[in-house]
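Enquirer: Below are the features I grabbed from TrEMBL:
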- His444: active site, proton acceptor (ACT_SITE)
- Gly180, Gly181, Gly182, Val183, Ile184, Gly185, Leu186, Glu187, Glu203, Gly271: NAD(+) binding site (BINDING)
- Cys42-Cys47: disulfide bond (DISULFID)
- 4-327: domain 'FAD/NAD(P)-binding' (DOMAIN)
- 346-455: domain 'Pyridine nucleotide-disulphide oxidoreductase dimerisation' (DOMAIN)
Amino acid sequence: MKSYDVAIIGSGPGGYVAAIRCAQLGMKTAIIEKYSTLGGTCLNVGCIPSKALLSSSHHYEEATKHFEDHGIEIPGEIKVNLEKMIARKQAVVDQTIGGIDFLMKKNNIDVYEGLGSFKDATHIKIDGKDAGEIEAKNTIIATGSKPSNLPFIKLDKERIITSTEALKLKEVPKHLIIIGGGVIGLELGQVYRRLGAEVTVVEYMDRILPTMDAGLSKELNKVFKKAKCKMMVSHKVQSVERKGDEVIVKAENKKGEVVEFKGDYCLVSVGRRPYTDGLNAEAAGVKINERGQVEVNDHLQTSTKNIYAIGDVVRGAMLAHKAEEEGVFVAETLAGQKPHIDYNLIPGVVYTWPEVAAVGKTEEELKEDKVEYKVGQFPFRALGRARASGDIDGFVKILADKTTDEVLGVHMIGARCADLIAEAVTAMEFRASAEDISRYSHAHPTFAEAIKEAALAATDDRALHA
Ligand code: FAD
Ligand code: NAD
């Protein structure tokens, strides 16, 4: 039986990054993945394929709606070839997965294909292509998550689907009904709206993106409405039924009336649940809590001393970069270092267009915590760069402590915000004040100038261009 310093179960961004960092730190490392491809949800059916389709559909929308504004005329009809678009997405996924295979080899990490399950705290059984057993001094559980469902919905995976099927549809839906106005619903809703589907978003809470700053929800809701999506907030779904090629969704509105939506596809995107099926965690004494998460302490250590857990399977945001940070954290802990993660500074991004991005506290959280704060906000439409490219929707909002001026939260919606948020994370990591940001130079003309202007607005209400 082969023996390792560390075995990692699951090869998503948490698991494969943990494996690389363990190997870099000199540990003999194995990674076990039940599927034939590495990369987990993120690479196979999550971040990468969804962003490929968002990019392709964005190009289509630009070509059909905005090229003319720029004086570009395309003679004849511009058409979508969905089969080719999905094939391109798959090629991007395959190439990215190939990169992980390369990294495993480069770092001398042994890869086992098969379902990993605990025999005890130091032995893992592998069922599948590389069947057998290995011994590991330490194990990192990185088994990720799967889509959640509502108890009364029968997912047939043909017309009543999750994000996994929505990434490989064979036709553009005529009417896509989306249950859940969170990240997945809005990203994939925008993909199919751009490609020509009628889109209805049915959200239980009184706003889309209910965990983000309300200002962002409001602005993105406007964008979706402008694109003629039906945004049905405060609607509680009661039933989803398929009749032939038709899907009927019934939901109760605020007044207690039952509203019916008829479409040809229904995407259920009501969150994801931690995944520990088949892991046999109890054989190793690893506790799973009532929410299905592997229970961990501040060191990401489970109830069994030599077993750690990271990523979507533990508490916190279900984000690839959060899983990666935790992978590095555990590897460095095992090597005797003292790493640190500031969970308040893990940014959240929605890759719609305009993009939505945030870090730190929302206004709602600051009010709840009774923190006195000031607000500096700057609209993209006041920027030369935004007008030049035609991307004028959105704003940057900076929340700073009323007394110390320390930046407590940055919330933005607009072109390239997914990348702009990195400046806010850096500033907050170094505990910058709004005045600090307002005093360093931002290249002109850029979208980043909105951050400087919002900082000026927060400092003394002295934005220069508004
Ligand atoms: P996962 O990526 O879920 O990987 C877990 C792996 O463990 C899987 O490969 C699974 O097969 C394997 N496994 C499970 N049990 C066993 C076992 N017993 N034995 C062997 N292998 C096992 N996040 C972002 O930050 N940005 C985005 O843009 C983004 N977009 C997304 C889009 C979609 C459509 C979805 C669904 C998710 C998206 N996410 C995004 C979330 C992101 O994919 C997850 O947060 C991330 O993949 C979590 O990483 P992980 O390593 O914890 O788990
Ligand atoms: P989510 O938590 O973002 O959104 C789920 C939405 O469904 C919420 O708005 C919630 O109020 C709503 N909802 C719940 N029950 C409902 C009901 N009965 N009826 C109507 N609405 C209901 O979850 P998601 O969009 O499924 O995404 C899952 C996870 O994947 C998220 O945690 C997210 O972090 C991650 N993800 C991230 C990205 C990104 O970073 N860009 C992209 C996709 C997914």
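The backbone N, Cα and C atoms fix where each Cβ goes, glycine too.
In TrEMBL, annotation is done automatically, which means it is predicted and not curated.
Note that the coordinates shown come from a computational prediction; the quantities given were computed from them, not determined experimentally.
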Enquirer: Suppose we screen the recorded positions Cys47, Gly182, Ile184 by Cβ distance to ligand 1 with a cut-off under 6 Å; which survive, in sequence order?
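Expert: The recorded positions passing the 6 Å Cβ test are Cys47, Ile184.
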Enquirer: Near ligand 2, which of the recorded positions show up if the criterion is a Cβ under 6 Å from one of its atoms? Options: Cys47, Gly180, Ile184, His444.
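Expert: Result: Gly180, Ile184.
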Enquirer: Can you tell me how far the Cα of Gly182 (NAD(+) binding site) sits from the Cα of Cys42 (disulfide bond), in Å?
Expert: 17
Enquirer: Is it possible to list how many residues within the domain 'Pyridine nucleotide-disulphide oxidoreductase dimerisation' (346-455) are helical, extended or coil according to DSSP?
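Expert: Per DSSP, the residues of the domain 'Pyridine nucleotide-disulphide oxidoreductase dimerisation' (346-455) fall into 41 helix, 33 strand, 36 coil.
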Enquirer: Can you tell me the three-state DSSP label for Glu203 (NAD(+) binding site)?
Expert: coil
Enquirer: Spatially, which candidate from the recorded positions Ile184, Leu186, Glu203, His444 is nearest to Cys47 (disulfide bond), comparing Cα atoms?
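Expert: Smallest Cα separation from Cys47 (disulfide bond) among Ile184, Leu186, Glu203, His444: Ile184.
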Enquirer: Within its own chain, what residues at least 6 apart in sequence put their Cβ under 8 Å from the Cβ of the residue listed as 'active site, proton acceptor', listed in sequence order?
Expert: Gly384, Arg385
Enquirer: Note the Cβ centroid of Gly180, Gly181, Gly182, Val183, Ile184, Gly185, Leu186, Glu187, Glu203, Gly271, the recorded NAD(+) site, then list each other residue of that chain whose Cβ lies within 8 Å of it, in sequence.
Expert: Ile178, Gly189, Val201, Ile208, Leu209, Ser269, Val270
Enquirer: If you count other CB atoms within 10 A of each CB, which of Cys42, Cys47, Ile184, Leu186 wins among these recorded positions?
Expert: Leu186
Enquirer: When DSSP is mapped onto helix/strand/coil, what comes out for Ile184 (NAD(+) binding site)?
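Expert: The three-state answer is helix.
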Enquirer: Compile a sequence-ordered list of residues in the same chain as Gly180 (NAD(+) binding site), six or more apart from it, whose Cβ lies below 8 A from its Cβ; state 'none' when nothing qualifies.
Expert: Val201, Val202, Glu203, Tyr204, Val268, Ser269, Val270, Gly271
Enquirer: Given the NAD(+) binding site residues Gly180, Gly181, Gly182, Val183, Ile184, Gly185, Leu186, Glu187, Glu203, Gly271 in the record, what is the largest Cα to Cα distance, rounded to whole Å?
Expert: 14
